[in-house]
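> Supplied in C-alpha cells, the structure appears directly below.
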Amino acid sequence: MQSADSQNTPKRPRRDGSPRTPPDSPLADAETSPSHDLDPDYRTWGPEQVWSFLRRCGFSDSELLKRCREKRMSGSLLPFPEDLGISSHGKKMKLLNCIQDTMKVINDPIHGHIEFHPLLMRIIDTPQFQRLRYIKQLGGGYYVFPGASHNRFEHSLGVGYLAGRLVRELSEKQPELQISERDILCVQIAGLCHDLGHGPFSHMFDGRFIPLARPEIKWTHEQGSVMMFEHLINSNGLQDVMKYYGLIPEEDILFIKEQITGPPESPIKDASKWLYKGRPKEKSFLYEIVANKRNGIDVDKWDYFARDCHHLGIQNSFDYKRFLKFARVCEVDNMKHICTREKEVGNLYDMFHTRNCLHRRAYQHKVGNIIDTMITDAFLKADDHIEITGSAGRKYHISTAIDDMEAFTKLTDNIFLEILYSTDPNLNDARMILKKIESRNLYKFVGETQPMIQRIKKENYEHLPNEVASAKPSDVELEAELKAEDLIVDVINMDYGMEDKNPIDHVRFYCKSDLSKAVMITRNQVSQFLPETFAEQLIRVYCKKTDEKTLFAARQHFVHWCLINDFTKPQIKKLPLRKLKKELTTATG
C-alpha cells in the first residue's frame, strides 16, 4: 500500500510531447490552457477562454490580451468593452458583433459536437458551399453500399474541423512556432474549401468524364476548388468580412489557395527552393495539414477514413486522435515538417494499409466503377443538349461549366435526374443508359487481370478496347462479332498514395530522448511483414451488350488477349466450374 506522501509525489515528467509533457510556457499550462471548444454561453468563460476568444476575433493588441490575463477578466465582462479597456468605438462594435457571432456548434456523427468560427460560418452559408450537399462523396458507390449516402458537404466540415484541431495542437504544444490566429483561420478555411471544385458524383467527374469530354485539357477538382473559392469570396463580398476578423486578403487568400493546389509550377526542380508565397519558409509545416504533398498524411484522409468507413460499414483501424497527441514540428533539411514519435511508425503503415483496403473494397468496387462508367457514358451523350446558364447569361454544357463558376455552382448530382426525367428526344440515348442503372441492367463484368512485368501507360488506355476486340482466338467458333465499342477496359492503379513509392520514406520521426531531432526509419527497421511493392495495376473488362453469345465471345477475346500480353491468369466472372475450364482449355489449345 502506498503512503500518503508517496501518493502526493509528482510523477516523473514525460518528454515525448504528449499531453503530460510539462508546459514550456504559461500558454501550455494545463490549468490555464484555453480549451479547443468554447462553451456557447460566454458568461461561463474564465480568463483564458476570454483571452482565446479575443484572439480568435482578431484582437491582436498585446496590451489588451495581457490586461485580460493579469486582471483575470471573466466572460461576464464581455458586453462591457470599457471594463476591458476598449475605448475605440470601432473596436467596441467589433467586440459586440463577435459576441453575437460566437462559435457555432454542429453535431457531426463522426466527430461529435464541433465548433466553427463565425467567418467559417459565413463561408458555409453561401450557395457555392451549400452546393456540396448535392454531390455524393462516393459517386456510384452509393448504388453498391446503401449506407454511403453522405455528401461532400459533411466531409468538408469534418476536414475544416480537423485542420483546426491539428494546427491548434501544434500551436499550444510549441509556442515557439509563432502560429498566429490568422494562420489558424486560414488553415481551417483551406480544409473547409478544399473540395469546392468537385463535380457531379465526385471523382467520376474529373477522373472519367472530363478526360473523355475534353481530352485537350488537364483539369482537376483542386483547380476547380481554387476557382470556386475565388468566386465564393467575390460574389458574397467576403473580403471585408475577412478583414473584419483579422485576415489580410491580399496575402491570406493566396495562402489558402496554395494549401489546396500545392506550389506553383517551376521549371527548375530544386527541392531547397521555397516556391510558396502565402507564408514564409519558416512556416512550411502549415502546408502539410490539409493536403500533404510530401507524404500524404493529412486531415483530409483522416476525415474520409472515419466518415467513409462509418457509412460503408467497414472497420476503420486508424485513430487520428493518437497522431494528434504525438505530432510535433521538427527541422528537416532547413525546412520545418510535421513529425511523430518513432513508435508510431507501425500505426502509419496501418493508415496507408487502410487507404489501400478502402480502395479495394469500396472505391474500386467493380460494380461501383461500372456504374460510374455508365453515368459517364450518359453524360457524354447528353453533353451537347444540356444548357446551364452562367455569368452574363451565357450558356454552358456539362463539360464546359468548369470554365464559369456561376454555371458550375448549378452543376450537381441533380443533373442525373434532370436527364432521367427529361422528355427531350435529344436525350433519349442518355436517358436509356440511366434507366438501365435504375433497373440494375448494368454492363456485364467480363474479367480481371494484371500486367506481370510492365504496367500499361496512361496514353495507351484508349487503345485497349481495340486490342481486346482484335484478340480473336482462331481455334474457337464464335457466334457473335465483338466490336471495340462493345467493350469497356478499366485500368485501376492501386497504391499507398505515392505511386510505387513507400510513403513512410518521406515521413520523419522524433525520439523521446530528443524532441527536436528528426530521424528516418527504414522499412527493414519496422517489420519483415510489410509489403515488398507499394503499387499494382488491375485491368477489368466489361461488355455493354448483355446477351449470352456476345458475353461468351467477350470472355474468349479477353482470355486470348491476356495470353498474348503475358498477363496474369484472367479471373473470369462467375461461371460454372466445368464451363470455365472448358473455355480456358479451348482458348489455350
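Note that Cβ sites are derived from N, Cα and C of the backbone, with glycine treated the same way.
Sharing the features that Swiss-Prot gives for it:
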BINDING   ASN107, VAL144, ARG322, ARG341, LYS343, ASN347, HIS365, LYS366, LYS512  dGTP 2 binding site
BINDING   GLN137, ARG152, HIS198, HIS203, LYS301, TYR304, ASP308, ARG355, GLN364  dCTP binding site
BINDING   GLN137, ARG152, HIS198, HIS203, LYS301, TYR304, ASP308, ARG355, GLN364  dATP binding site
BINDING   GLN137, ARG152, HIS198, HIS203, LYS301, TYR304, ASP308, GLN364  dTTP binding site
BINDING   HIS155, HIS194, ASP195, ASP300  Mn(2+) binding site
MOD_RES   MET1  N-acetylmethionine
MOD_RES   SER18  phosphoserine
MOD_RES   THR21  phosphothreonine
MOD_RES   SER33  phosphoserine
MOD_RES   SER88  phosphoserine
> Roughly how many Å separate the Cα of ASN107 (dGTP 2 binding site) from that of HIS155 (Mn(2+) binding site), to the nearest whole number?
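With distance taken Cα to Cα, HIS155 (Mn(2+) binding site) is 13 Å from ASN107 (dGTP 2 binding site).
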> Check the Cα-Cα distances from HIS198 (dCTP binding site) to the binding-site residues ARG152, LYS343, HIS365, LYS512 and tell me which is shortest.
ARG152
> So among SER88, GLN137, ASP195, ASP300, ASP308, all listed as recorded positions, which is physically nearest to HIS203 (dTTP binding site)? Use the C-alpha atoms.
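Its closest listed neighbour, by Cα, is GLN137.
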> Quick one: pull the CA-CA distance for ASP308 (dCTP binding site) versus HIS365 (dGTP 2 binding site), whole Å only.
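Taking the Cα atoms only, ASP308 (dCTP binding site) lies 14 Å from HIS365 (dGTP 2 binding site).
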> Fill in the CA-CA distance, GLN364 (dCTP binding site) to TYR304 (dTTP binding site), as an integer in Å.
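TYR304 (dTTP binding site) has its Cα 15 Å from the Cα of GLN364 (dCTP binding site).
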> Would you mind reading off the Cα separation of TYR304 (dTTP binding site) from LYS512 (dGTP 2 binding site), to the nearest angstrom?
31
> Looking at the binding-site residues ARG152, LYS301, ARG322, LYS512, which has the shortest Cα distance to ASP195 (Mn(2+) binding site)?
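Minimum Cα distance from ASP195 (Mn(2+) binding site) across ARG152, LYS301, ARG322, LYS512 lands on ARG152.
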> Would you kindly give the Cα-Cα distance separating SER88 (phosphoserine) and LYS512 (dGTP 2 binding site), rounded to the nearest Å?
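With distance taken Cα to Cα, SER88 (phosphoserine) is 49 Å from LYS512 (dGTP 2 binding site).
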> Determine the C-alpha span of the dCTP site listed in the record, that is the greatest distance between any two of GLN137, ARG152, HIS198, HIS203, LYS301, TYR304, ASP308, ARG355, GLN364, in Å to the nearest whole number.
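Per the listed residues, the maximum Cα distance equals 20 Å.
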> List, in sequence order, the same-chain residues at least six positions removed whose CB sits under 8 Å from that of SER88 (phosphoserine)?
none
